[in-house]
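Features reported for this protein in TrEMBL:
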- 26-56: domain '4Fe-4S ferredoxin-type' (DOMAIN)
- C36, C39, C42, C46: [4Fe-4S] cluster 1 binding site (BINDING)
- 57-88: domain '4Fe-4S ferredoxin-type' (DOMAIN)
- C68, C71, C74, C78: [4Fe-4S] cluster 2 binding site (BINDING)
- 132-161: domain '4Fe-4S ferredoxin-type' (DOMAIN)
- C141, C144, C147, C151: [4Fe-4S] cluster 3 binding site (BINDING)
Amino acid sequence: MGVDPSRRALLRGRLEYTPSLRPPWTRNEPDLMANCSQCGDCIQACETNIIVPDKAGFPRVDFQLGECTFCQACVEVCAEPVFHDPERTAPWRHVAEIGPACLGPQGVYCRSCGESCEEGAIHFSFNAQRVPEPAVDTEACSGCGACVSVCPTQAVTVGLPSTQHSTRLREGT
Ligand code: SF4
Ligand code: SF4
Ligand code: SF4
């Protein structure tokens with residue numbers, strides 16, 4: 001049976017446990033907690049330097065530092081059973097989500113996130129009466145995080161698709 005990460009964090013003396021975005025191809029949180037030696041090799045190997053230690057010393061991805069290129073260096077360098085086989089498994093299911101701090105709905109013109117997206121996954125609504133507002137095509141989004149740090153209001157997050165996110169896409173806004 002897997003280890004409850006929150007319980008393990010508490011046992012290690014941490015009173016609070018906050019789930020972090022883990023490196024791509026990470027199997028799951030319990031496997032990471034049980035098998036990661038906290039050697040830091042994945043942190044050193046990451047070509048965009050987006051992997052940092054979390055408060056407990058486990059690797060997490062910080063998209064404020066850059067984007068994931070899916071180079072697989074983190075996976076290849078890891079000696080422990082932490083990662084899926086990249087040849088057989090998608091890196092993750094994460095996608096970008098644009099939150100209420102986005103400038104568009106507030107009437108301020110900004111297309112920074114869209115301009116940063118090489119996948120063309122961010123589309124802007126066009127309405128003569130309104131400033132363009134972004135929406136993420138979750139089918140096209142790779143979860144690379146390139147759109148996160150460029151947002152002037154930190155409105156973009158990357159994580160598992162939410163119900164709200166899906167609803168907004170279905171509505172085509
Ligand atoms: S796949 Fe490459 S760029 Fe992405 S987190 Fe791993 S080492 Fe960094
Ligand atoms: S390389 Fe593997 S064992 Fe080392 S810190 Fe990264 S995930 Fe943990
Ligand atoms: S996470 Fe990457 S692919 Fe997805 S919308 Fe942002 S820049 Fe585009």
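Every residue, even glycine, has its Cβ placed from backbone N, Cα and C.
Taking Cα separation as the measure, C147 ([4Fe-4S] cluster 3 binding site) is nearest to C68 of the binding-site residues C46, C68, C71, C78. Here the C-alpha separation of C39 ([4Fe-4S] cluster 1 binding site) and C78 ([4Fe-4S] cluster 2 binding site) works out to 9 Å. Each residue in the domain '4Fe-4S ferredoxin-type' (26-56) gets a DSSP state, and the totals come to 12 helix, 4 strand, 15 coil.
In the domain '4Fe-4S ferredoxin-type' (57-88), the DSSP tally of helix, strand and coil residues is 5 helix, 4 strand, 23 coil.
For the binding-site residues C46, C144, C151, a Cα to Cα distance of within 10 angstroms from C71 ([4Fe-4S] cluster 2 binding site) holds for C46. Each residue in the domain '4Fe-4S ferredoxin-type' (132-161) gets a DSSP state, and the totals come to 0 helix, 7 strand, 23 coil.
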